[in-house]
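Notes follow the structure.
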Amino acid sequence: MATDLARNDRGIELRAARRDELDGWYDTLVRAFGGVSEAAEERQLSLELIEPERTIGAWDGAACVGTAGAFDFRLTVPGGAPVRAAGITMVGVAATHRRRGVLTSMMRRQLDDVRSWGRPLAVLTASEPDIYGRFGYGAATFQATAEIDTSRVRLAVPPGTDDVRLRYAAPADVLDACEALYARQVPLRPGMVARLPRWERVALLDPESERNGASPLQCVVAERDGDLVGYARFRVRPDWDQAGPKGSVLLTDLEALDPAAGAAVWRFLFDIDLTSTLHTRGRPVDEAWQHLVSDIRRCRVTLRDSLYVRLVDVGAALEARTYQAPVDVVFAVEDDFCPWNAGRWRLTGDAKGASCARTEEPAELALSVRELGAAYLGGVPLTSLAAGGRVRELRQGALTEASVAFGSPVAPWLPHGF
Ligand SMILES: CC(=O)SCCNC(=O)CCNC(=O)[C@H](O)C(C)(C)COP(=O)(O)OP(=O)(O)OC[C@H]1O[C@@H](n2cnc3c(N)ncnc32)[C@H](O)[C@@H]1OP(=O)(O)O
């Protein structure tokens, strides 16, 4: 646990922040990100969600100069199981203390902690992609952002779309029903995270200071025969010029249970009067709307790295997921930062389950734990990493076998930051 004291070699003390220190600890984090305060309700919620005993503070005397935290998530992995994963968060080092190894010492302590908690995975989203690879994290999910010219792009909807009824609702009034629908989606896509208590409130945060001229959060629910089958939360930003209206729709959340429900919600978002652009952020890279549009180029889709995965316990992590095709491969894993993972592991598995144990047999694929993290959720093919020289095939056929087995029929996706 992070509660016992430790010093790194530069006289900085690492320990968990006590509850009565959390405010100051959080101020250090805010300053590390530039010092612009969040809205009061956002800060309040962040402080409620953080578990003090899973934090790390770096203290230079009485001053907090470094922060890191961990949420106790359950992450969906290929096959649908919810696997315990430390959601690493709130990492910052005071600008006065940067590039002296404070982050490195916090990462060292944190991964030891995560291991002692028995969590096979650590996951995070990175402020900058360059930071976490050295600690064994690999970019495992990507997300799509789109800027859709809805004045030009048409949407072709599937049969049944007209049977779906839409109505506006206050986001808080339908929250429980929307959360129940969300919970049904979580096992269906690797990378999704089951809601922890109080996390549903994150979706309703709507501080006026962060709207930038857009409306308060709006919600439309989709129903069929009175049952909720989808929802969208969004804002509208009106705008006008000489030629008339050119407002934007800013999509925040969208879930739907079936193709017609999804198409009904997307059609609604495309058709809001006085708007000509639909902005979407952080959506799945394989989302179906991309196949319904008349002109994908005018949707300006861009991809970005999203969830980084670190296997803290290689054997337990590889056993916790299933494999879409049979696999029996010996991996030689390099892991300088967590040497307990290094060495040869034999993975055997299929769509029903897997076992992964240490072995003395000859290695068939060689890679570092970072590549294993990138491939773990099925979104980054091992063949692609191998093409870049990041995975080496030592037995002919092992690469294709493992790459096919590791894949996922749906792209992994992290629905929200943390
Ligand atoms: C999960 C999250 O919360 S992501 C949020 C991360 N936080 C931020 O971006 C806030 C602003 N930045 C910071 O607070 C700090 O610069 C941190 C936390 C990114 C780095 O802290 P430091 O204590 O300076 O890192 P540390 O000295 O341990 O550096 C370790 C190595 O990472 C490198 N490194 C650190 N930060 C960066 C960076 N932003 N970009 C590239 N390399 C970096 C260092 O050069 C060093 O490399 P080396 O081992 O080859 O010498």
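Every residue gets a Cβ built from N, Cα and C, even glycine.
Copied from TrEMBL, the annotated features are:
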type	residues	note
DOMAIN	12-171	domain 'N-acetyltransferase'
BINDING	VAL91, GLY92, VAL93, ARG99, ARG100, GLY101, VAL102, LEU103, THR104, SER127, GLU128	acetyl-CoA binding site
ACT_SITE	TYR132	active site, proton donor
ACT_SITE	PHE418	active site, proton acceptor
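TrEMBL feature annotations superimposed on the structure.
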residue	record	contacts (Cβ under 8 Å, 6+ apart)
VAL91	acetyl-CoA binding site	THR67, ALA68, GLY69, LEU103, MET106, LEU124, SER127
VAL93	acetyl-CoA binding site	ALA32, ALA58, VAL65, GLY66, THR67, VAL102, LEU103
THR104	acetyl-CoA binding site	PHE135
GLU128	acetyl-CoA binding site	none
TYR132	active site, proton donor	LEU124, ALA126, TYR308, ARG310
PHE418	active site, proton acceptor	PHE71, PHE73, GLY87, THR89, THR125, VAL193
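Checking the recorded positions THR104, GLU128, TYR132, PHE418 for a CB within less than 6 Å of any atom of ligand 1 leaves THR104, GLU128, listed in sequence order. DSSP assigns TYR132 (active site, proton donor) to coil in the three-state reduction, outside any helix or strand. The 10 Å shell around the Cβ of VAL102 (acetyl-CoA binding site) contains 23 further Cβ atoms across the protein chains shown. Under DSSP, ARG100 (acetyl-CoA binding site) is assigned to coil, being neither helix nor strand in the three-state scheme. Largest Cα-to-Cα span within the acetyl-CoA-binding set VAL91, GLY92, VAL93, ARG99, ARG100, GLY101, VAL102, LEU103, THR104, SER127, GLU128: 19 Å. Every protein chain considered, the tally of other Cβ atoms within 10 Å of the Cβ of ARG100 (acetyl-CoA binding site) stands at 14.
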